[in-house]
Each structure stands twice: as C-alpha cells, then as structure tokens.
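**Student:** Attaching a single structure in structure tokens format; questions to follow.
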C-alpha cells in the first residue's frame, strides 16, 4: 500500500471545513462547565447543607467515568426521560425533535463542570485566607471579597490547568462523532470512507488537531503572562 | 467610643477569652500587652467579628453588636466603622499599592474613582509611599508592605484602627519605619487599639495599657502606672522577663562589638 500524499492535502482542506462544529463542541461545554464548576466549588467550600453530598457525588462520578459514557448515557437516557414526561404531562413534544448536538453539549458540559470544579477549588484554596479577612475587615461583604479579591487570583493561579482542560476538551470533542456529529473526526471519517483512503485522512486530521493544540498553547502562554503580571511587579 | 462588654471566646472547650470589659475613648491609643497565648489577638479579632465572640457585646458609637444575635448586616456596619492592620500585611496581591488603598474607598464607601485616587494619594503621602503608588506588593519590602496596610486602613477614616502585631513579621531593621508611621498617625488623634510585643514602643505611644494573661485582663492603666508601679505579680514578672531579654540582647551586642 502506498501513501497518497497529495490526498492528505486535499483531505486537510475538506476536513478543515468541519472546524466550526469542533469549536462549538469544545467551547460551549467549557463555558457552561465553568459556571457549573463555580457553583459546585461554592457548594463544596461552604459545605452547603443538602447539596454538599450531591456535589461530591457529581464530581466523583463524572470524573470517575469516561466522557464517552456521559455522551452515551445522556444520548440514550435523556430522550427516554423526556418522552416519559411528555406522556405524563400530555405534551405534544417528542424527544426526536431535539437535535443530537444538544445531547452532546449537555453531556460534555457536565463532564467539564466536574473537572473545572476541582481546578477552581484548588485555585481558591491557594489564595491565602488573610486577603479575604483583610477585605472583610474593611467592610466588604463576603461576596464582594470573593469576587474582587479571591476570585481573580484563583483564576490566575488556575489558568494553566484551565488551558490544559481546553486542550483536553478539544481532543475529547472528537468522540462526538460516535453519535454522528460532523465535527473534525466525523468529517475525517466521511472523507476517508468516500475515497477509501483512511490513513491519509486520519493523518490530515491529526495534523489539524496538532496545529490547533500548538496555537492554544501559544495563546495560553501569552494569557498566563498577562493575568499573573502582579507576580512580576507589572512586567509583561 | 468603643466599649467591649463581657467578651468571651472559646475554641471548642478551650476558653481563650474569659470575659473582657474594655472602654476606649475617642482619640485614645490603647496597647494590649501580654505573653503569647494570652488571647490578645483573639480579643482584637472579636472587635470586628473576624472572630465571633461566644458571649458578650461590642459597642462602637451608636451601634451595639451582640455575640449571638449579631446579624450579617450589623457585623458589616460594625466593620465599616473599623479597619485592621495585620501581622502578615494581607495586601491584595493582584492590585497595585494605590489600588489596595482605593479598594475600600470605592467598593465600601462608594467614592468615585477620581475621589478615591485623590484620597489614596493623600494617605500614601502620610506613610511616605507616594513614589511606590503603582508598584505591586511583591516589589515592596516588608516594612513598605505594612505601611501600605496602614494606609489602606487609614484611608477609610474609621472610628478605630485595630493593629494586630504590626511589626512581628518584620526584619528588625524594618521595624523602625513602621513604628514611626504608627506614632505619627497616633499623634493625629486617631483611635487605635494595638496588640504588640514592642514594649518600649507601647510605652511611648499609648495613652492606656492593658496587660492580659490567660484570657483575662490582669491589669490596666496609664503607661506610667503600668510600667513604673505594676501592682499584680504577673505583670511584674512579665516586664522583668522582657527587661532581662532586652538586657541579654544588649550584652550580646556589646560583646560582638
């Protein structure tokens, strides 16, 4: 068997068209997951009654199972739940009218939330308690102190880990192809089977993922320098 | 005026404060002295409810906050009348010197940015740090950081500034600059309660001295009375030990020289 090098370039261009969907499947879960992560972190740090063990269970289960399972569980389980509810409440609504992408985004958001909560929690705990006390001692509410003093530093501390998660989720987004999403990997599969050139197509896909990762790393490094500028006395 | 009534605090079963009564008049500088573990810092932290007392009440001007019933809102009002200087400075690390001072002025006192900047600059002038206004805390020496801590408290123009061992974390050669700043603002008539180990400084700057041991006030009075004529055995012993340590230090120094 010979490798068809020109085909790699053709595939590259074809697969690249699926980039927007990959970006959506990467970014949307990370943004929603970030908000979930903050919520979970607050519940766990404050030990909110009733929700505390639920939050612990959520983090433990979601981090303890592969993202692929989350997609499959939501994709298979959620429609069942919706249809059941529809029957009970006499809705005319049917689960088949929900786009599959929505299930993928839901599942990966939950996954991201679990990972993010651990990262944010570590960041918040790394900011020394004294600054929170100082903020409260001048009459700031706990919320103001968290938002203005603790949180910005916690995010700065967490940034390298958050960027790792971004890269991780960029790669994880590829499993959406299993529920027939036409993101980068899904597109690769189509290009490959239409032309019966599998290796070439996957080499092209790998190059695209690699390139995206390198760009992310560069952006991360810049961002990191910017948000931790206070540690170097204002020198970027 | 500040009044503490029957302040008690226990950590678990361990009583740390056993009913403290103290009155501080407006413009007075009160120093709290005593051996480590006597509850000085805890008492100070009970005044602004960073530590909620188990029993008793804190009165500042027209508001009274009681240990058990004190609501979040009351505590917030109390804290707006006080400010604190910490042993470890506790500056906001992600903010410049002037932003540290402006933070409370903007967020708590709702000043405009320009007003806050102007007020902050005036206070930085007082602590001699105008040229460091745009530096970050990591770029400052311990003494400078603590002076920013003092400026942050002073800027809010509080009824009382609580100083928790303001020089204990400093290198010996930096203690002087901080004490000098505290002395200067004491002379301006700002009410201060200082927990300190610097006995001679306390003698110099205070209108009133409180000596604590094992969670109780053992003796209190003007510096002249407390330092020259302590009545209680425990107070005498404490000063004797301090003097002896100072003496040893001095003889060590002279042998080095």
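Glycine is no exception: its Cβ is also placed from the backbone N, Cα and C atoms.
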**Student:** Transmembrane segment per TrEMBL sits at which of A:98-116, A:117-135?
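**Tutor:** Of A:98-116, A:117-135, TrEMBL gives transmembrane segment for A:98-116.
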**Student:** TrEMBL lists transmembrane segment for one of the ranges A:199-216, A:217-234; which is that range?
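**Tutor:** The range carrying the transmembrane segment annotation in TrEMBL is A:199-216.
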**Student:** Could you name the stretch, out of A:20-43, A:55-78, A:154-179, A:199-216, with the greatest number of CB pairs under 8 A to the transmembrane segment (A:98-116)?
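**Tutor:** Selected stretch: A:20-43, with the most Cβ pairs under 8 Å.
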**Student:** What residues elsewhere in the chain lie close to the transmembrane segment (A:199-216), defined as a C-beta under 8 angstroms and at least 6 residues from its ends?
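**Tutor:** Apart from its flanks, the transmembrane segment (A:199-216) reaches 3-5, 7-9, 11-12, 15-16, 19, 163, 166-167, 170-171, 174, 184-185, 188-189, 191-192.
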**Student:** Using a Cβ cut-off of under 8 Å, list the residues of the same chain at least 6 residues beyond the transmembrane segment (A:55-78) that approach it.
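**Tutor:** Contacts of the transmembrane segment (A:55-78) (Cβ under 8 Å, skipping residues fewer than 6 from its ends): 40, 43-44, 48, 95, 100, 103-104, 106-108, 110-111, 113-115, 117-118, 172, 175-176, 178-179.
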